[in-house]
Amino acid sequence: MLTGSWGPVLQSTPRSAERQGCKEASTRLSGTRVSAARGRPGVCGGRAEPSGHFPVGTCGKKLVNTEEAMNVSGVNTVTEFILLSFPCSREVQVLLFVLFSVSYILTLMGNGAIVFAVKLDHRLHTPMYTLLANFSFLEMCYINTTVPTMLRNFLSETKTISFTACFLQFYFFFSMGITETFLLPLMAFDRYLAICRPLHYPTIMSSRLCINLVGLCWVTAFLCYPVPIYFITQLPFCGPNTIDHFVCDPGPLLALSCIPAPGIEFSCSILSSLIIFSTFFFILGSYTLVLRAVLRVPSAAGRRKAFSTCGSHLVVVSLFYGTLMVMYISPLLEIQLGYRRL
């Protein structure tokens, strides 16, 4: 029998060995395997399983927690993204650059001409042309959020965009898009008043009210997405950093996150769907009333004039909302990204 001062020493030896073994195994832990402690009897109360995790004992729990902590702390922060855009040969890239450059310049020139014409001609200072000028100015801003970067990527070998620039593009691209979804219903409401309430139109839709409504559309649109974008920026991005799109879009960005974010994805989908469908049905209702009023006009010339003022707006609405529903409503139906990009 062992007595005296040796008793406490021998009693504490198993725990000391366990702590020492845990410390040694933890320090040699790398990636997802624990190779240093494999097959060593007495360490952590038994041998390691083939996967490298210990089946029993407190040390097994400590090692698993240590592994998870190292995996989280070892995340490499992404500082830039690669916009894949349209992957094709170099010759096709140059051809796309020329085509998009010509379209970009013509779009800027056309919309700029409308803005300056409305600004310089006082006879055009009416609500209808004020809305048209604001819509043209919005289109100029809208394409400037994406097209310059896309043109640069056509000729670039790296096709990179910084983390900050990517989310700034995301914010302005969505804010401009939401502004357009608010301006189009306002233009439809203006046409409804002009055709269905012609005698009350000058009193209801004054220039002051029109400018206030336009300003409200811009301000409200730019306040819709800062919070969702902030939460997306807080997600860990540890690679890969390739965005299969020509713009920093929430779908591809969320797909690159190291952890799933169903709450953020769901909230973005709900917000987009709410804005798109509410404004779309408002436009649909306005033009239903306009169509009913136009069909009651006795003269063919009057009906033709009414349809001519609304026809171009209906074309813009159809193209814009058709594109939005393909890009941001169809992801709920799991349509492939390539078709949404086209």
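Backbone N, Cα and C define each Cβ position, glycine as well.
In TrEMBL, annotation is done automatically, which means it is predicted and not curated.
Record features, source TrEMBL:
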- 1-24: region 'Disordered' (REGION)
- 94-117: transmembrane segment (TRANSMEM)
- 110-342: domain 'G-protein coupled receptors family 1 profile' (DOMAIN)
- 129-147: transmembrane segment (TRANSMEM)
- 167-189: transmembrane segment (TRANSMEM)
- 209-232: transmembrane segment (TRANSMEM)
- 270-294: transmembrane segment (TRANSMEM)
- 306-329: transmembrane segment (TRANSMEM)
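Comparison of 94-117, 167-189, 209-232 by number of C-beta pairs under 8 angstroms to the transmembrane segment (129-147) places 167-189 first.
Taking every listed stretch (94-117, 270-294, 306-329) in turn, the largest tally of C-beta pairs under 8 A with the transmembrane segment (209-232) is reached by 270-294.
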